[in-house]
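Among the features that TrEMBL reports, transmembrane segment is placed at 6-25, 60-79, 99-118, 130-150, 156-183, 251-271, 291-313, 325-349, 369-386, 393-414, 434-457.
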Amino acid sequence: MEKFEGYIFTALCSINFFVSCLLFSRVTREQREPYMDEIFHVPQAQKYCSGKFNEWDPMITTLPGLYLVSVGVIKPVVWLADLTGEVVCSTAMLRFVNLLFNCGNLYLLYLLICKLHVRDKTRSSSRRVLSALSLSTFPVLYFFNFLYYTDAGSTFFILFTYLMTLYGCHKASALLGVCSILFRQTNVIWVAFSAGTLVAAKMDEAWKVEHAKKKDEKFPPTQVPLSFCGAKKIMHFTLEFFTSPSHIKSVLLVAWPYAVVGAGFLVFVVLNDGIVVGDRTNHKACLNFPQLFYFFSFSLFFSLPVSLFYHRVLRFLQALKKQPFFFLFITGISLFLVWKFTFVHKYILADNRHFPFYVWKRLFQRHELVRFFLVPAYIFAGWNFLDSFKSRSLFWSLAFLACLLAATVPQKLLEFRYFIVPYLMYRLHMPLPSLPRLIVEFVLYTAVNAVTLYIFIVKTFVWPDSTATQRFMW
């Protein structure tokens, strides 16, 4: 980090923390008691603060990573400041732990951008700094910095895991991956992605060597061939790679720490008889393929200032003209998946405090055919998503898409929080945007955050059968 850039980044970190503290203070004053899922998380953390590690709320679905870290942070502060009484492990103090994670996320995002876009080092440092600041205020993630949820800590450890992978510290990365799994079990997918980047690098090397010998018949390793012939060649090459002892050995030599984590996770799943710890009846896995389409649409909206270009729209239209049968095939498959694999969780129909409730009610429930009419938009959003990765290698893209499918499709509930990590990974790996586009992105995120927090604080309501104050949130 250059000296001047370091000063600028440090100043922005300070300003970000100061503004977040002011917002935190307002949110906490308005909502002093635990809200929504906090009614489970806060009492459980307070039990851990009291040393009652053998007591567990069966409604909690995640492992105790958040509570362990909270106790590890709060107890030394309590001892140093000689605090006593209700302030110790209060709702406000527990929530404040996520503000610390917010600072960590900002720093990790900056380091990841510098590492992933090392070729852009000679360009304006303001683009790297503003990219990190913008992503740290990503609306869905930023909102939960003010409540005692697992999202901020979960994201922190996943970003840290991936950063260590990029630096070649694979044992440290695997250990941090375990920490991320303790926050949310599905993070094992992104630990696998870290390992997958290593496997993809080995496969890219083998792909280049093989096709260097066939100059008349090759696909550039930085492109994914959108054709049946190309898909067939990739599948054949992948089968050969994973049946080659020399290739398997070269992969295991670097990826064995992640394999150990994966094996340990499988043991946990067997002993626990599933991935979810508690409330299993409401968290059953299914093949909800339209979740992938929802994610593509979600990503298109939030990346609009930095991903959508006039020439990209023209390329999409040219691709439609050049490969009409391929896109017709994709459209047919998409319509079938929407028809046969759309699942609706009872929470999204019953809980009017969440934004997805209104997305579903005012869009998908307007008419039963709406979900089919949206398929062309899904295809464009998916194409725009994939086109953003054209500078990335073939097998890296396939590894990312495999993890994206694993992270989204099994979820029955449409929950925007589940899109945080895949979106950040998508956005981090896009080419570094221009400064004007980054400014527009930051303004968009700031506006969405302002509106979201305003609605949460001011637009309260009461259910007919309850006197408790209800608030709208992600």
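The backbone N, Cα and C atoms fix where each Cβ goes, glycine too.
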* In contact by Cβ distance (the transmembrane segment (60-79), the transmembrane segment (325-349); 3 or more pairs under 8 Å) -> no
* **Distal contacts, the transmembrane segment (393-414) - CB-CB under 8 A, six or more residues away** => 186, 189-190, 192-193, 196-197, 199-201, 203-204, 207, 219, 221-224, 234, 284-289, 291-292, 294-295, 343, 345, 347-348, 356, 359-360, 386, 421-422, 425-426, 429
* To do: Answer yes if the transmembrane segment (6-25) and the transmembrane segment (99-118) have at least three CB pairs under 8 Å among residue pairs 6 or more apart in sequence, and no otherwise.
  => yes
* To do: Using a Cβ cut-off of under 8 Å, list the residues of the same chain at least 6 residues beyond the transmembrane segment (434-457) that approach it.
  => 23, 26-27, 30-31, 124, 126-127, 130-131, 133-134, 137-139, 142-143, 146, 302-306, 471-474
* Who are the chain neighbours of the transmembrane segment (251-271) in space, where the CB to CB distance is under 8 Å and they lie at least 6 residues beyond its ends? -> 170-171, 173-174, 177-178, 181, 185, 188, 191-192, 194-195, 198-199, 202
